[in-house]
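Structure first, commentary second.
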Amino acid sequence: MEGGDAPQDRSPRLAALRLRDLRTYEEADLELGPGLTVVSGPNGAGKTNLLEAAYVACTGRSFRAAGDRELVRRGRDAAHVAVEVERPGFGRATFTVGLVPGDRRRLRVDGAPVDGLLDHPSRPLLSVFLPDRLALVKGTPGLRRAHLDQVVLALRPAAAAVRRRYVDALRQRNALLGQLRAREVSPAAAATDLEPWDRALADAAVALTGARAEAVALLADPVAARAEELGLAGELSVEYRPRVAGDAEAFRAALAERRVGDLERGFTHAGPHRDELALRRDGRAIARFGSQGEQRLCLLALLLGEADALQAETGRRPVLLLDDVMSELDATRRERLVAVLRAGGQALVTVTEAAHVPHADDPGVGRVEVEPGHARALRVSTIAEVA
Ligand SMILES: Nc1ncnc2c1ncn2[C@@H]1O[C@H](COP(=O)(O)OP(=O)(O)OP(=O)(O)O)[C@@H](O)[C@H]1O
């Protein structure tokens, strides 16, 4: 992040967390500082549960797609999680989420019921590293597309309408393809029926492709810079590879070219729902040519680069929730990662032993100790002195 002309930091952060009967926790009350906080405890103690609780409180949903029955502590009927968020210039707000299996989740801001938390101006953006999320680097293009679209939305909230328009047009075109297929309509006759949907789909595709390309252009440099900072050997590149590039006419031509195949299979083959976000190191796919540790560094560089781009574009840096992030990193990379995390923004990092995090004992680094059923703050972090 080029400090000089960056917008003023308006990032909301987590100031306190209160849990009641959520997963392993009967009761936990924690104050959280603005910088790096190390959350340590033995296997199964509830470290991931704590990050999940923060996520639930800020969004109303779990990052593990868990249902309320899983989230509520065994043997209890209801769970409650609250987060106090602080946003520079706006003061504090308290988000609470009440979970009763079989009932609607009860969301409140400062005690007043709300339909959702996602659009609240004080809601912290969250960026989550879970070991499972390595699938983003190693897994299918669909995971990366979905992730990219989330980043697009965070960078340009108005793009939500663009994506919806594309998804609707695709659904309608696919439904029509299914009907035409069932009626065994010839490709020539089907072309007339499909024409208006091809137009709608092509227009939406151009808008979506444009939004994705713009987002990737904003990410590419920060991600490469973070990869280098973290000590990933070689040069990491993030490239957007649309299946069909060009204007609406080019999309319509691509649709026409694949019409016979589309009718045979009953779905649309060409378009942004087949795009790829390529993560490459020195021109080679990191998924195939990277080690475990390198893939981990790649995911971290992606998340950190996204945070940089978001901060540069919106003035708001996401809070990083990093679960079991130190595994597979050597001492040098751990040192580098901690230096990056201490240099700005709020981050919660879980580890089994605090000693796995270099400088965990420094007074500026926050410490939370988790043992089954409980969590307590040993020390509250402060913002690192590094600009
Ligand atoms: N609803 C629930 N009620 C009670 N316990 C639960 C509930 N859901 C999960 N658990 C328990 O939470 C524990 C897992 O917690 P968590 O994943 O946070 O551990 P962790 O500290 O991150 O461990 P590790 O270091 O192994 O990753 C398991 O022992 C699981 O049985």
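Backbone N, Cα and C atoms are what each Cβ position is placed from, and that goes for glycine too.
As given in TrEMBL:
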- 17-86: domain 'Rad50/SbcC-type AAA' (DOMAIN)
- G41, P42, N43, G44, A45, G46, K47, T48: ATP binding site (BINDING)
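Under the three-state DSSP scheme, G44 (ATP binding site) falls in the coil class. Figure note: comparing Cβ neighbours within 10 Å for the binding-site residues N43, T48, the maximum is reached by T48.
For the domain 'Rad50/SbcC-type AAA' (17-86), the model gives a mean pLDDT of 95. Long-range C-beta contacts of G41 (ATP binding site), restricted to its own chain and to partners at least six residues apart, with a cutoff below 8 Å, comprise K47, T352, E369, V370, E371, A375.
Other C-beta atoms found within 10 angstroms of the C-beta of A45 (ATP binding site) number 21, with every protein chain shown included. Minimal Cβ crowding within 10 Å, among the binding-site residues P42, G46, is found at P42. Here G44 (ATP binding site) comes close to P372: these same-chain residues lie at least six apart in sequence, with C-beta atoms under 8 angstroms from its C-beta.
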